[in-house]
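In what follows, a single structure is set out as structure tokens and then discussed.
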Amino acid sequence: MASSTLAFLLLLCYLGLVFKITMGAAPRKPIDVPFQKNYVPTWAFDHIKYINGGNEVQLYLDKNTGTGFQSSGSYLFGHFSMQMKLVPGDSAGTVTAFYLSSQNSEHDEIDFEFLGNRTGQPYILQTNVFTGGKGDREQRIYLWFDPTKDYHSYSVLWNLYQIVFFVDEVPIRVFKNCKDVGVRFPFDQPMKIYSSLWNGDDWATRGGLEKTDWSKAPFIASYRSFHIDGCEASVEAKFCATQGMRWWDQKEFQDLDGAQYRSLSWVRDKYTIYNYCTDRSRYSSVPPECARDRDL
Ligand SMILES: *[C@@H]1O[C@H](CO)[C@@H](O)[C@H](O)[C@H]1NC(C)=O
């Protein structure tokens, strides 16, 4: 009797675990692939250094130029991640970006921008979402670690229901599909993935007060694990041929789960510097997507 009760409890516990696991919405674990598998340089080819057969890549910024790279393919939906180690030491004035963007005039864009700082002062991570050419949705946070010490992963999950920005496993921002309340959502314009390192000292650090110290050049940002798991589509495509069938389309990726919402509010409470959602001097009424995103 006692042992069958125990077995029953164990079964419940097991089911509980399985249930939790299948409810969890962490994207699939990225696979480390070399740069050449998914990316090509965009400009200033001589400012990109390939290490270990392209498993690691470094971007150089000096007084002459920054540099950047982009995905060879264009994608409609998926999971896009990159491990990055940002410019160490005095990085004031430098901007390192990782973003998805479509190529047309009313473009969609999903941005991570890392704003450098003087030695020992914290980076700012600014994110933004453009839909149909309209941006002005900046959020700024401090990170809970030093992004120049080790590699960390930065990723975007994009499906028809939501766009989630992750830092490591932590969702730092979600932009839900709010088409029903008149907010455009990226769904029919394939995007490429881009990264670049450039001089933004007219605005990046303390609003442009801190200038790039060129005596510290070259500034170097490092990258690895060039994972792309998306629906590849031609630039003109209007839909993804396998839509609805891929893992990121499934129920558990259509919303954050409870634990993820708790992580998101932890970031909101502890690390937010700026959120357009709460900027009443800029937007007198709450932008519709903000209420939906539980961003307030
Ligand atoms: C740089 O450091 C200053 C002083 O700690 C801080 O106010 C600022 O937010 C930091 N980051 C940037 C990118 O300006």
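Note: Cβ is positioned from N, Cα and C throughout, glycine not excepted.
Copied over from TrEMBL, here are the features:
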SIGNAL    1-20  signal peptide
DOMAIN    26-223  domain 'GH16'
ACT_SITE  E109  active site, nucleophile
ACT_SITE  E113  active site, proton donor
CARBOHYD  N117  N-linked glycosylation site
Query raised in the report: Where the criterion is a Cβ under 6 Å from an atom of ligand 1, which of the recorded positions E109, E113, N117 meet it?
Result: N117
Query raised in the report: Who sits close to the residue listed as 'active site, nucleophile': which same-chain residues at least 6 apart have their Cβ under 8 Å from its Cβ?
Result: Y99, L100, S101, S102, N128, V129, F130, G135, M191
Requested in this report: Under 8 Å Cβ to Cβ from N117 (N-linked glycosylation site), same chain, six or more residues apart: give me those in sequence order, or none if nothing qualifies.
Outcome: S91, A92, Y123, I124, T205, E210
**Report entry** Residues near E113 (active site, proton donor) in space but at least six apart in sequence (CB under 8 A)
**Finding:** V95, T96, A97, Y99, L125, Q126, T127, N128
Query raised in the report: Averaged over the whole of the domain 'GH16' (26-223), what is the pLDDT?
Result: 97
